[in-house]
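Q: When I checked Swiss-Prot for this same protein, it listed these features:
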{"type": "BINDING", "residues": "His87, Gln88, Arg89, Asp122, His198, Lys389", "note": "NAD(+) binding site"}
{"type": "BINDING", "residues": "Lys93, Lys117, Ser384", "note": "substrate binding site"}
{"type": "ACT_SITE", "residues": "Lys129", "note": "active site"}
{"type": "BINDING", "residues": "His212, Ser216, Tyr265, Arg268", "note": "GTP binding site"}
{"type": "BINDING", "residues": "Ser395, Arg461", "note": "ADP binding site"}
Amino acid sequence: CZAADKEDDPNFFKMVEGFFDRGASIVEDKLVEGLRTRQSMEQRRHRVRGILRIIKPCNHVLSVSFPIKRDDGZWEVIEGYRAQHSHQRTPCKGGIRYSLDVSVDEVKALASLMTYKCAVVDVPFGGAKAGVKINPKNYTDEDLEKITRRFTMELAKKGFIGPGVDVPAPNMSTGEREMSWIADTYASTIGHYDINAHACVTKPGISQGGIHGRISATGRGLFGHIENFIENASYMSILGMTPGFGDKTFAVQGFGNVGLHSMRYLHRFGAKCVAVGEFDGSIWNPDGIDPKELEDYKLQHGTIMGFPKAQKLEGSILETDCDILIPAASEKQLTKANAHKVKAKIIAEGANGPTTPQADKIFLERNIMVIPDLYLNAGGVTVSAFZZKNLNHVSYGRLTFKYERDSNYHLLMSVQESLERKFGKHGGTIPVVPTAEFQDRISGASEKDIVHSGLAYTMERSARQIMRTAMKYNLGLDLRTAAYVNAIEKVFKVYNEAGLTFT
């Protein structure tokens, strides 16, 4: 019985390594065949297996303990961690979370997921993750600022933060505020001579060098990734569903940044949210829940419970009767114990690692599509890449706004004058006016437009790659393995072509 319990509640990092091993076993032969060398087949296989062993573990893990003096005069020692999984691309990239559940195992698992996530969407970062072992609700804003700034200095002392080295981002219980504190701390100390110092984080406030469109990026990306599969007639026929969002219902576990924005976009495109779950309870309404109304209620009351246009949900939100289930809370929520009770036909992993290997196996047997975390929630790191790679220090589009607008109006005027010369009678005018859609674009692309466009392109391209891989290896609905295969191929190529520094 104890062994069975352990199997259903695996070590998080071992869980990710297990998914990696599954993908590696499928792609190994192809990697061996693809090596263009004079080596024997045995030597090539040794090389491939050696590189796969290099990819798998975490390269560096930092554990720190530091004291703070709280506002009430009490002294406290804070624990924090930062894991860098891979340096095949730099800087390393990954969020910082504040939670009592933070552990070395968790940050290693999340860092490794970041490596594969970046590879899946072709973002040139290595994977990293950090965590501070606190419950932020138990601290004042002043205490949190002290903790954040001190943790930044601990990272800096060990070379675990910097624009070209390691770039944190928000995660659970952190946001623009914390990123701005980190950026200011770094820029005011060891980065004070570096023009790129504020690029030591992504998603600070706009005034601190942030980018428009980053706040909603993960949620928007989640919607776009779901859209790429839900609009695919072949996959929908396998599930016995019709393409499109119009007649679909969905439930969201977690009403944070990812849950809220994914709910907004799905609602906007015609899907109906029937249930929302948080740590203190869940609500449901078969007629639908409006995301804006629920957001306003939570901002006012600090909870979704008691929302007047829904009733309390008895039982688990993961077992809600819906078409699309979005677990956007924390890891290992879908397990062997509840996988048979899930009624959704599509599981969209908004959180990192919400599905255990045993549950994943059950979903495949039950013909349930799982759109995996390393693809689905990569919208945030994709837009972070746009922010990080903006080397000009100028908002995207700012230099071309007026020129594009004037050029568009000159084009319309030229068409109008040509028509009047050809068809106009007695000098009459033939007005040429933009359509409503063109009018929206006529001023040129704003930074947010450019970010959304780049994000959409990335989502579509990554989805096509996963679909092709799933078809190539006859994986059916096993999109997770297809995504891991893609990630492994790309990371392998970097290591193989770069070679090893010292052997």
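Yeah, the Cβs are placed from backbone N, Cα and C, and that goes for glycine too.
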Q: Say we define neighbours as other CB atoms within 10 Å of the CB. Which of the recorded positions Arg89, Lys129, His198 has the fewest?
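A: Comparing Cβ neighbour counts within 10 Å for the recorded positions Arg89, Lys129, His198 gives Arg89.
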Q: According to DSSP, folded down to helix, strand and coil, what is Asp122 (NAD(+) binding site)?
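A: Assignment for Asp122 (NAD(+) binding site) reads coil.
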Q: Give me the long-range Cβ neighbours of Arg461 (ADP binding site): same chain, 6+ apart, Cβ under 8 Å, in sequence order.
A: Asp122
Q: In sequence order, which same-chain residues at least six apart have a C-beta under 8 angstroms from His87 (NAD(+) binding site)?
A: Asn59, Gly126
Q: Determine, using Cα-Cα distances only, which of these binding-site residues is closest to Lys129 (active site): Gln88, Arg89, Lys93, His198, Tyr265.
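A: Result: the closest of the binding-site residues to Lys129 (active site) is Lys93.
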Q: Just counting, how many other CB atoms are there within 10 A of the CB of Lys93 (substrate binding site)?
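A: Total other Cβ atoms inside 10 Å, all chains included: 28.
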Q: Could you find out if DSSP has Lys93 (substrate binding site) as helix, strand or coil?
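A: DSSP call for Lys93 (substrate binding site): strand.
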Q: Going by Cα-Cα distance, which of the binding-site residues (Lys117, Tyr265, Arg268) sits nearest to Gln88 (NAD(+) binding site)?
A: Lys117
Q: Mind checking which of Gln88, Lys117 has the fewest other CB atoms within 10 A of its CB? They're the binding-site residues.
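A: Fewest other Cβ atoms within 10 Å, among the binding-site residues Gln88, Lys117, is found for Gln88.
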Q: Could you tell me which three-state DSSP class His87 (NAD(+) binding site) falls into?
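A: It is coil.
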Q: Report the member of Asp122, Tyr265, Arg268 (the binding-site residues) whose C-beta atom has the most other C-beta atoms within 10 angstroms.
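A: Buried the deepest by this measure is Tyr265.
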Q: Can you tell me how far the Cα of Arg89 (NAD(+) binding site) sits from the Cα of Lys117 (substrate binding site), in Å?
A: 13
Q: DSSP secondary structure for Lys129 (active site), reduced to helix/strand/coil, please.
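A: For Lys129 (active site) - judged by DSSP and reduced to three states - the answer is strand.
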